[in-house]
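Asker: Below are the C-alpha cells for one structure; questions will follow.
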Amino acid sequence: MEQTFFMIKPDGVKRGFIGEVISRIERRGFSIDRLEVRHADADILKRHYAELTDRPFFPTLVDYMTSGPVIIEVISGEEVISTWRTMMGSTNPKDALPGTIRGDFAQAPSPNQATCNIVHGSDSPESATREIAIWFNN
C-alpha cells in the first residue's frame, strides 16, 4: 500500500474546499492516515520547497503559503501518488482540466501573485517520504 503527502493550501482553506477535497479522496477509496491543521512558517517552507528557495518568486510563495492555515494529510491506497496527482490536475490552474480539483476550483494568478492552486501532492515515493518527514516529524 502506497502513501503520499498532500496539503490543502491557504486558498483552499479560505474558500471552503476542505470538505470537497477530502470527499473526493474518500470517494476514490483512499484512506486518510493522518490529518492536521497547521500554520506554515518560512522555515518549514524552505525545507519543503528546498529546490525553489533561490527562485525569484520564492518570497511570494512564502507569503501565499503563510497567509492562512493549511491542512496536511497522509493518504494511502493503490497507486495513490499518481492517482492523486491526476485528481489534482495541472499545477497551472488555466491548464487544469474540468473534473480535477484545480480545474474546478483553482484561480489563475494575477501578475506578481503566487499561483493559488488549492492543493499540493507529492510527485514520487521519495518526495512523499521526505515531505511526510518534514511536516509530521517537525
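Here the Cβ of each residue, glycine as well, is placed from N, Cα and C on the backbone.
Just lifted these from Swiss-Prot, have a look:
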- HIS120: active site, pros-phosphohistidine intermediate (ACT_SITE)
- LYS9, PHE57, ARG85, THR91, ARG102, ASN112: ATP binding site (BINDING)
Asker: Test of understanding: give the count of other CB atoms lying within 10 angstroms of the CB of ARG85 (ATP binding site).
Answerer: 19
Asker: By a simple count of other Cβ atoms within 10 Å, which of LYS9, ARG102, HIS120, the recorded positions in the record, is least packed?
Answerer: HIS120
Asker: Using only C-alpha positions, which one of LYS9, PHE57, ARG102 is spatially nearest the residue listed as 'active site, pros-phosphohistidine intermediate'? These are the binding-site residues in the record.
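Answerer: Closest recorded candidate to the residue listed as 'active site, pros-phosphohistidine intermediate' by Cα: LYS9.
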Asker: Around THR91 (ATP binding site), how many other CB atoms lie within 10 A of its CB?
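Answerer: By my count, 13.
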Asker: According to DSSP, does ARG102 (ATP binding site) sit in a helix, a strand, or coil?
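Answerer: Assignment for ARG102 (ATP binding site) reads helix.
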